[in-house]
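Trainee: Here it is, the structure in full.
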């Protein structure tokens, strides 16, 4: 027997009864005897009385429908009618739980989450008061961070230099090896120049992080710009030699070095260069205003959680590698929830709000800045889905070029994580002036987790196992531990300087 998920209701039973005793078209509203008699009378009547017949039928419809419903109800759920007809499972049993809709439970979780966090916020304010201060983000030194600001503005020099090199290469004024060397010099200078400025200036943490993020974005864009133009020159030479290009390239633009294309690429929410992008027809001003309001609100929420919850927790903690183990575990677990809230707010503010705002202003069409990484079954799925601009850059300019040069997939994956770890370390360690390789080690630790979660996924064929491991390692253990490590090292450094 087939197991049905639909519960049998009274309406279903009524329907079954009506199906078993469905009247014919001629006897829909009358009994069989009445139908036989009336049919004989109708043959004797004049055919010109159609209007009177239709009027009588219209008047008798409510009464006839009521009689039919009563007839159906008369035989519905009688004691002799079986109440159990099919083999059925309970809605929460293991065989049917994932085929049920849990929208009501999801709403309940939201209500409970709002209620519990509202109580915690009120309790925190009553116990500790208003703790928000700007000193951690913008101190008196922030006004003296003008070298970092000037360095940020001067980063546009490097794309302009790359454009000059590409223009010379297009006109065949310099050979290809010289083009490659010049691009290596330009991209390296665009990254090391901000690092030197930050290390020489004792700037605020947020100012240093902002400059390093800008520098990393410029470096990634310059690499994509140089690599894409190099590949387009190679394809152009192949066409000139008469070689046929495969249709899978999908290149709908010619090789042309344009400063307008470079300028648009520098401000567009993408890290992969191409001479033209899909564009939307117009700017939605109302939608843009709503996203700006959301950005302001969620940025404020993120700052509130950091100052009101995370800072007091880390200030009242010990170094996780030097104190009591149980105490360190308690601090990490206590820090995990507000840290997760901040990370989710950061993701929503940057990847959803800010990048979409920038795309709307520039009419940038491809807005797949992330995928459903929260459903990641493995650690590899998470890194492939949560940051699509970086992921597309990695597979376009690093991973597949490694495969084309005969490097095994495992080694290419290791190289991709190595590059990611280096940039994570630069963005955190340089502004903190601390080089303990905590961020680097945290990213490289993902490599064995990739193979472990892939093995578990293939062994158990259960998405829940990998997803829970991902959430535990990522939000409960990894990030809070890194926050505590960098905070205490930063405080120790400030104490030594003072």
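For all residues, glycine too, the Cβ spot is worked out from N, Cα and C.
It should be emphasised that the depicted structure is a prediction, and the values quoted were computed from it without experimental measurement.
Here's the feature list from Swiss-Prot:
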| type | residues | note |
| --- | --- | --- |
| REGION | 1-67 | region 'Disordered' |
| TRANSMEM | 102-122 | transmembrane segment |
| TRANSMEM | 146-166 | transmembrane segment |
| TRANSMEM | 178-198 | transmembrane segment |
| TRANSMEM | 203-223 | transmembrane segment |
| TRANSMEM | 253-273 | transmembrane segment |
| TRANSMEM | 295-315 | transmembrane segment |
| TRANSMEM | 342-362 | transmembrane segment |
| MOTIF | 369-375 | motif 'FYXDWWN motif' |
| TRANSMEM | 410-430 | transmembrane segment |
| ACT_SITE | 424 | active site |
| TRANSMEM | 432-452 | transmembrane segment |
| TRANSMEM | 465-485 | transmembrane segment |
Trainee: Is it the case that the transmembrane segment (432-452) and the transmembrane segment (465-485) touch, counting contact as three or more CB pairs under 8 Å in which the residues of each pair are 6 or more positions apart?
Mentor: yes
Trainee: Which listed stretch (102-122, 203-223, 295-315, 465-485) has the most C-beta pairs under 8 A with the transmembrane segment (410-430)?
Mentor: 203-223
Trainee: What residues, ordered by sequence, lie under 8 A Cβ-to-Cβ from the residue listed as 'active site' and sit at least six positions away in the same chain?
Mentor: 439, 440, 442, 443
Trainee: With pairs restricted to those 6 or more apart in sequence, evaluate whether the transmembrane segment (295-315) and the transmembrane segment (342-362) have 3+ C-beta pairs under 8 Å.
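Mentor: Yes, since the transmembrane segment (295-315) and the transmembrane segment (342-362) share at least 3 Cβ pairs closer than 8 Å, they count as touching.
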Trainee: With DSSP assignments reduced to helix, strand and coil, which class does residue 424 (active site) get?
Mentor: helix
Trainee: Which listed range (253-273, 342-362, 465-485) shows the maximal number of Cβ pairs under 8 Å with respect to the transmembrane segment (203-223)?
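Mentor: That would be 253-273.
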Trainee: When secondary structure is assigned with DSSP, how many helix, strand and coil residues does the motif 'FYXDWWN motif' (369-375) contain?
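Mentor: Breakdown, helix to coil: 3 helix, 0 strand, 4 coil.
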Trainee: Taking a Cβ cut-off under 8 Å, which residues six or more beyond the ends of the transmembrane segment (465-485) line up next to it in the same chain?
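Mentor: Here the qualifying positions are 310, 314, 317, 319-321, 328, 331-333, 335-336, 339-340, 343, 375-379, 381-382, 436, 438-439, 442, 445, 449, 452-453, 456-457.
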Trainee: List, by number or range, the same-chain residues at least 6 past the transmembrane segment (342-362) whose CB is under 8 A from its CB atoms?
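Mentor: The answer is 264, 267-269, 280, 283-284, 287-288, 291-292, 294-295, 298-299, 301-302, 305-306, 310, 369-370, 386-387, 389, 475, 479.
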